[in-house]
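Annotation comment: Swiss-Prot describes 30-37, 149-152, V178, 186-189 as ATP binding site, evidence class sequence analysis. Residues or ranges marked as active site, proton donor in Swiss-Prot (evidence: sequence analysis): H37. Annotation comment: Swiss-Prot describes Q61 as beta-alanine binding site, evidence class sequence analysis. Annotation source Swiss-Prot lists (R)-pantoate binding site at Q61, Q155.
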Amino acid sequence: MLIIDNITILRQTIKQWRKSIQSIALIPTMGNLHDGHMTIVNQGRSHTNIVIVSIFVNPMQFDREEDLFLYPRTLQSDYEKLHKIGVDAVFVPSVETMYRDNINCHTFLDVPNLSSILEGIYRPNHFRGVATIISKLFNLVQPNVVYFGEKDFQQLVLIRQMVRDMNYDIEIIAVPTVRANDGLALSSRNSYLTPEQRKIAPKLYQVMQTLVTNLCSGEKNIDVLLNKAAKQLSKFGFTPEILEIRDAITLQPITINSKKVVVLFSAWLGKARLIDNTQVSIPKE
């Protein structure tokens, strides 16, 4: 497994690979890898010739310096996991490599209709940072296919639109959310939970599933469903932030033409901000 931190070497390596292989997969990450990441990497390993994993804690997508500083960094452990699974290369650039000048003066990419709604309300510059770094990685690696987890659903929808808008010849493949046995979506930020909070955390998924059950049973009043879910989460000790039901393709409010919707939850539990989602096909009358 190659460990590459230099753009020139990355490009030279990919140029050599392109002479003899058909497909290159990219899996962008911020490190602190868990079983959810490994599931995504395995998908790439099973379906492409070359798998490149990027590990970069991107300062442009953090709104608070404290969060950037505290984000878990476990490079050696990450390398061991990726080597064991058969990854071909890990790209681990420094901030100076990816943003040669002052980051505040750097060119950025924005997807305005998606970056300012839902998560974007609470994290104003987050998706600008995501779109910019993913675009840079696309340009550097020039992959045939890129894998993203469905847990960060708004990010997935945004990247798909960015690919369409910027005419990238790249296939985006979504990998279903990986969960612990009790239903909690795996996340690097779960490490912020205390042992007691970790016992409570699965309630987020349970409350969401109750809402989904009622929705599929024909409940039409979405406000009633969301208000009930918010009260349940508050009762368990969460501070709800986003409780929404949106069109799964556009993330806009659902209409009679929406074929599939997505239930989106985010809530604070102590110092951990937990997010989750479930896609639902609405039964037609």
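Cβ atoms are placed via backbone N, Cα and C, with glycine included.
Not measured: the values here are computed from a predicted model.
Annotated features, which come from Swiss-Prot, shown on the structure.
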residue	record	contacts (Cβ under 8 Å, 6+ apart)
M30	ATP binding site	I55, F56, V57, N58, Y71, S188
L33	ATP binding site	T74, S77, D78, K81, L82
G36	ATP binding site	G149, K151, T177, V178, A185, L186, S187
H37	active site, proton donor	I27, T29, G149
Q61	beta-alanine binding site	N125, H126, F127, R128, G129, V130, I133
E150	ATP binding site	L156, A174, V175, P176, T177, N277, Q279
Q155	(R)-pantoate binding site	F127, V130, F148
